[in-house]
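> This is the feature table in Swiss-Prot:
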type: REPEAT; residues: 32-136; note: repeat 'Solcar 1'
type: TRANSMEM; residues: 38-58; note: transmembrane segment
type: TRANSMEM; residues: 105-125; note: transmembrane segment
type: REPEAT; residues: 146-234; note: repeat 'Solcar 2'
type: TRANSMEM; residues: 152-172; note: transmembrane segment
type: TRANSMEM; residues: 214-233; note: transmembrane segment
type: REPEAT; residues: 256-345; note: repeat 'Solcar 3'
type: TRANSMEM; residues: 262-282; note: transmembrane segment
type: TRANSMEM; residues: 317-338; note: transmembrane segment
Amino acid sequence: MLSNSEIKPSENSQKTKVLLTKANNASNERAPPPLSHFIAGGVAGMLGAIATAPLDVVKTRLQSDFYKDRFLKQTAKSKSPLTAAYRHFMDTCIILKNVKVHEGTRALFRGLGPNLIGTIPARSINFFSYGNGKRILADLFNNGQENSQIHLMAAAIAGVITSAATNPIWLVKTRLQLDKKSGQAAQYRSSIDCIIKTIRLEGFRGLYKGLSASLLGVGESTLQWVLYEKFKHAVAIRQLRRKELGIQETIYDKVLDWGGKLGGAGIAKFMAAGIAYPHEVVRTRLRQSPSINGTPKYTGLIQCFKLVWMEQGIVGLYGGLTAHLLRVVPNACILFGSYEVIMHFIG
């Protein structure tokens, strides 16, 4: 005869499976209009980009090789990871202060125009592709039921589509942010001027520099989506358990549920960004303007990885990580939080 301890794990496992199925069914029953993902993603992306624009400027500068002599050598001397992280944090604060003092407050938002022009369609495309893609893939391959494999495929497809569609915009944004104005005339007068000069000097292919690194970064967005869905499922199961037990939902429960989603978005981004960060550095280096003599220092993905490694070591591949995390983690919370709120009303 089986003991209670032998039965309970099986019963709990079965109950969890039932709750997961119910959560999936509930999600499918209230499937929002396809275009709602597009609208919610674009608005959420805009809000996140505006809120974290100054840190995006700092991150881009720390990733570039223009700032390596001043900041990176000091960080490279740090043997302790905690000391290196602290130096990265101080570098972030120093650059924020210097940009404001020497270039003005508006410089903290330099590149925001093309950033918004890139972010809004990028987020719209990504959320639209992922939101509708996972539903289509679930219908095709898993009888309408979502799981981690479905989320993985949908996120990867959405990442490739988004990267290919928006690479020229990100290239312009990067070059405008690295275009220093103190002590010399600006190389680019505007986003249009940057596009014209890039095509004239480097050809149409110049607008797609860094695309290989962007495609490499699809892994980051894919991992982020999969992790976020796990956190969302945990919240959904908690809600269903309350409902089955007849427990009335309180304001505290709602706050806890929304906090779980926001926290899940932040943790998912933190983990994904930490793992995949080197591709961000390489992508920024590949998108830099050519040197004064017109010869680009970085000519390809592998060559760029090797050169950064030889010149600066592993620290070079993680230049600007602190500024990056300070930006992308709150950005992810704002992005996914805004997306969920908007979808709640229009979905």
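A Cβ is built for glycine as well, from the same backbone N, Cα and C atoms used for every other residue.
Not measured: the values here are computed from a predicted model.
Context for these features, please: burial, neighbours, distances.
Taken together, the residues in the repeat 'Solcar 1' (32-136) have a mean pLDDT of 82 on the 0 to 100 scale.
Tertiary proximity for the transmembrane segment (38-58) is limited to same-chain residues at least six positions away from its ends with a CB under 8 Å from its CB atoms, namely 92, 95-96, 99, 107-112, 115-116, 119-128, 131, 177, 320, 323, 326-328, 330-332, 334-339, 342-343, 346-347.
Sequence-distant contacts of the transmembrane segment (152-172) (same chain, at least 6 residues past either end, Cβ-Cβ under 8 Å): 114, 117-118, 121-122, 125-127, 129-130, 133-134, 137, 191, 194-195, 198, 206-211, 214-215, 217-218, 221-222, 224-226, 287.
Sequence-distant contacts of the transmembrane segment (262-282), counting only residues of its own chain at least 6 positions beyond either end whose CB sits under 8 Å from a CB of the stretch, comprise 63, 213-214, 216-217, 219-221, 223-225, 227-228, 230-232, 234-235, 298, 301, 304-305, 308, 316-321, 324-325, 328-333, 335-337.
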> Please list, for the repeat 'Solcar 3' (256-345), how many residues fall into helix, strand and coil according to DSSP.
73 helix, 0 strand, 17 coil
> Kindly report the helix/strand/coil residue split of the repeat 'Solcar 1' (32-136) according to DSSP, in that order.
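Going through the repeat 'Solcar 1' (32-136) residue by residue, I get 91 helix, 0 strand, 14 coil.
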> Determine how many residues of the repeat 'Solcar 2' (146-234) DSSP places in helix, in strand and in coil.
70 helix, 0 strand, 19 coil
